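Asks: This is the structure, below, for whatever I ask next.
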Amino acid sequence: MGVHSVTSLVVSFLLFFSASSESNDGTLRVGLKKLKLDPNNRLATRFGSKQEKAFRSSLKEFRSNDKNAGDADIVALKNYLDAQYYGEIAIGTPPQKFTVIFDTGSSNLWVPSGKCYFSLSCFFHSKYKSSRSSTYKESGKRAAIHYGSGSIAGFFSYDAVTVGDLVVKTQEFIEATSEPGLTFLVAKFDGLLGLGFQEISVGNATPVWYAYNMLKQGLIKKPVFSFWLNRDTKSEEGGELVFGGVDPKHFKGEHTYVPVTRRGYWQFDMGEVLIAGKSTGYCENGCSAIADSGTSLLAGPTAVIAMINKAIGASGVVSQQCKTVVDQYGQSILDLLLAKAQPKHICSQIGLCTFDGTHGVSMGIESVVDKESTKSSSGLRDAGCAPCEMAVVWIQSQLMQNMTQKRIVNYINDICERMPSPNGESAVDCSQLCKMPTVSFTIGGKVFDLAPEEYVLKIGEGPVAQCISGFTALDLPPPRGPLWILGDVFMGRYHTVFHFGNEQVGFAEAA
């Protein structure tokens, strides 16, 4: 994660808590208020960047819950500085107020501690002071969570947590005593309230919203919560988070529900991704996706994001590795596909990847065994595996559209010159919105469309307006990946229901 005022990605809104009410139907409605930012105060997504690599090296430190360690990489997907939806909670008796992100992509509650003495960030945010709460209980367990370029460390405590008018008793949460770096110093929030499953909770702490807490204590009637994110830039109303049910005023028609396929994230199976109604071919056999309120953009595999960004005219960066692979092996890949070779085997057949039975693996592994003798040859193979696999996807999509060989070669060469930027930003021409295609996602057999005005983030008005693609690249390796993250860009168009009781996620057109 990083924040750079000149080069960072624009945030469309910051949304703060405005009001909450407990209705007589067993639900709690948390209202959200939005504050528009100017182009000079922008925050960035850094998927696929050096920060993500740095995070992966720190994963082993994060895995405090060993039996669920495989799910710990959830935080690699997170850039909380880029999240838009905030609310207010309180901890303790009497209540101490904090601004937090309501995040379906993580599971812990944490706020700065009054015992945070040496992190500058703590002096710019509200701090929890246990000595001022009559309901505080000591835990003693240590805690640490590592993000891309930021982290928090501290210890667990128990206290009453107030969300709107509801008070969850004896809730376990993290008091952060260390928030190093600039990441949390410049953040507009104090802490985070996770709405994911307990399987990815650090220290195996029970999430605030769990049936064991809110439902078991009789605070809500149904094990459900739902998001309505208002994307109308002219409206003062930011949105609504409802615990215990849904608000029928905020969606049209019926929800399409899909089962949660892996507890931890709100993860489900997704079908094909379409550009202007035409299949990209990447998810023909299915993909995994998560609905994530803590991510403002829509993230997916580089191969498809590159296709989308080309179709919408987004800027990108030239990949010499990609151009080298296409130049040397493009025709061979095309010939093998025309000969009906298995797509997942092609890159191993031409010597750029090995194949482990499910996916390509870099041939660069060989260079570890004999660095000197294979240094030059393995260098290209090591760098060429991923571009080769992307080229297979691109050529397949063009063959499905019956394109000529010449047009296919030109198409993949053009994509190599428009690869998603490593810092996550891809600018688009605001004047070309009306010419951009619809991008669609198939979920539960239903096609969910996103129009250009919904997937392009527009900052400012008139001649100074700036537009950024709402799509960013994220390559998460198997077995967890490949994975799509449907963030606020998607959830803004579609009202989203998270049903803990039935372990389902549901989408309906937002009203």
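Every residue gets a Cβ built from N, Cα and C, even glycine.
Annotations in TrEMBL come from automatic prediction, not curation.
Dumping what TrEMBL says about this protein:
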SIGNAL    1-21  signal peptide
DOMAIN    85-508  domain 'Peptidase A1'
DISULFID  Cys116-Cys122  disulfide bond
DOMAIN    317-357  domain 'Saposin B-type'
DOMAIN    381-422  domain 'Saposin B-type'
Asks: Just to be sure I understand the packing, how many Cβ atoms besides its own are within 10 Å of the Cβ of Cys122 (disulfide bond)?
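Replies: Looking across every protein chain shown, the total is 22.
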Asks: Residues sitting near the domain 'Saposin B-type' (317-357): Cβ under 8 Å, six or more positions beyond its termini, same chain?
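Replies: Sequence-remote neighbours of the domain 'Saposin B-type' (317-357) are 363, 365, 380-381, 383-385, 387-393, 395-396, 399, 405, 408-409, 412-413, 415-422.
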Asks: In the domain 'Saposin B-type' (381-422), how many residues does DSSP call helix, how many strand, and how many coil?
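Replies: Residue counts for the domain 'Saposin B-type' (381-422) by secondary structure: 32 helix, 1 strand, 9 coil.
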Asks: For Cys116 (disulfide bond), list the number of other Cβ atoms lying within 10 Å of its Cβ atom.
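Replies: Counting Cβ neighbours of Cys116 (disulfide bond) within 10 Å gives 23.
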Asks: Looking only at the domain 'Saposin B-type' (317-357), how are its residues distributed among DSSP helix, strand and coil?
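Replies: Per-class counts: 26 helix, 4 strand, 11 coil.
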Asks: What average pLDDT is reported by the model for the domain 'Saposin B-type' (317-357)?
Replies: 88
